[in-house]
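Novice: I am attaching a structure below and will ask some questions about it afterwards.
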Amino acid sequence: MTNIRKPPLLKIVNHSFIDLPAPSNISAWWNFGSLLGLCLVIQILTGLFLAMHYTSDTMTAFSSVTHICRDVNYGWLIRYMHANGASMFFICLFLHVGRGLYYGSYTYFETWNIGVILLFAVMATAFMGYVLPWGQMSFWGATVITNLLSAIPYIGTTLVEWIWGGFSVDKATLTRFFAFHFILPFIVAALVMVHLLFLHETGSNNPSGLISDSDKIPFHPYYTIKDALGIFLLLLLFMTLVLFFPDLLGDPDNYTPANPLNTPPHIKPEWYFLFAYAILRSIPNKLGGVLALIFSILILMMFPILHVSKQRSMMFRPLSQCLFWILVADLFTLTWIGGQPVEHPFITIGQVASIIYFVIILFALPIISMLENKLLKW
């Protein structure tokens, strides 16, 4: 057995997945890392097979997707696995980030910051992928979101036209989006390796937030079997979605070919961007909205700076727990608002929810943490 662990490549695998010392008390919330790895593999494989049949031309893109679904062997399955795989990816991502916030994993600066960059990269990939079927929502989503860059002073308009490759979203835009959508997942995979590299420098956090060096167990067989259960449950949920409700999370407008002369009644992105879209729409000023949109994700990088509690995890901090779950409820509210038309009362609800989002993170959590520090001495 020791001989198997000697070759350089196998040594890397061994140190990462077999003999890796892991805390003995990590819960099911630590399963999402491996599930995200599975989602990435599914997305790259299904995407590769879709790319074999897809054509990135405005005249034939929509038809090629139809051709994949109707004429290619199991093309419908590959297409729906890819579309719903993105949704599963983001569900796991949000839960993974939420776990990091709850248990204070953000104190591993490098791992956390690479993770936030990963989140941005995956969001960019998903956005460009949504444009490729060239349906109504693809076209108008691309137009609206890329047009936001025109809010940048001086260079905005030129930048947008440079990204479009013309004066509107057209053939050049679709071709370059396809090229970027193809290459980005491999960049994401490389970033994942860096993410794991930094994680294995420090070791995993655990629910208590305490140093667990005195109580480590080998990753295999304990966590390999635990991850296998997580993978089985994810695949069960995923294939139920793909085979029974493939269009549940999609937009019916995207079954209409893109038409620059006809605007859909409600332009909205995929469900996983709705919370950020609601924050964007809640600010009347264009540049302000764009900055709020970017900052709503970038604010994750501020968590290590804003952490003032003497305890790392929220496990023993009931007041912070309360705020955390209010934040989760607020994000659900923002997601709902993002999918609603821009009219009363949704505008006001969106503005209030956006303010609550930033207030909780920037002010409420640090203040409550300081109060809890005081209560420790009580």
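FYI, residue positions are counted from 1 along the chain as it appears here.
Positions of Cβ are set from backbone N, Cα and C atoms, glycine also.
Per Swiss-Prot, the features are:
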type     : residues  : note
TRANSMEM : 32-52     : transmembrane segment
TRANSMEM : 76-97     : transmembrane segment
BINDING  : H82, H181 : heme b b562 binding site
BINDING  : H96, H195 : heme b b566 binding site
TRANSMEM : 112-132   : transmembrane segment
TRANSMEM : 177-197   : transmembrane segment
BINDING  : H200      : ubiquinone binding site
TRANSMEM : 225-245   : transmembrane segment
TRANSMEM : 287-307   : transmembrane segment
TRANSMEM : 319-339   : transmembrane segment
TRANSMEM : 346-366   : transmembrane segment
Novice: Can you tell me how many other Cβ atoms are located within 10 Å of the Cβ belonging to H82 (heme b b562 binding site)?
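Specialist: By my count, 21.
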Novice: Looking only at residues six or more beyond either end of the transmembrane segment (287-307), which have a C-beta under 8 A from one in the stretch?
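Specialist: Hits for the transmembrane segment (287-307): 97, 101, 104, 106-107, 109, 112-113, 116, 119-120, 123, 148-149, 151-153, 275-277, 279-281, 354, 357-358, 361-362, 365-366, 369.
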Novice: So, taking each listed stretch (32-52, 112-132, 225-245, 319-339) in turn and counting its Cβ pairs to the transmembrane segment (346-366) that are under 8 angstroms, which one gives the highest count?
Specialist: 319-339
Novice: Distance between H82 (heme b b562 binding site) and H96 (heme b b566 binding site) at the Cα atoms, whole Å?
Specialist: 21
Novice: Counting only other Cβ atoms and using a 10 Å cut-off, which of the binding-site residues H96, H181, H195, H200 scores lowest?
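Specialist: The binding-site residues H96, H181, H195, H200 were compared, and H200 has the fewest Cβ atoms within 10 Å.
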Novice: Between the stretches 32-52, 112-132, 225-245, 319-339, which wins on the count of C-beta pairs under 8 angstroms to the transmembrane segment (177-197)?
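Specialist: Most contacts with the transmembrane segment (177-197): 112-132.
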Novice: Measuring Cα to Cα, tell me the gap between H200 (ubiquinone binding site) and H181 (heme b b562 binding site) in whole angstrom.
Specialist: 29
Novice: What's the CA-CA gap between H195 (heme b b566 binding site) and H181 (heme b b562 binding site) in angstrom, rounded?
Specialist: 21
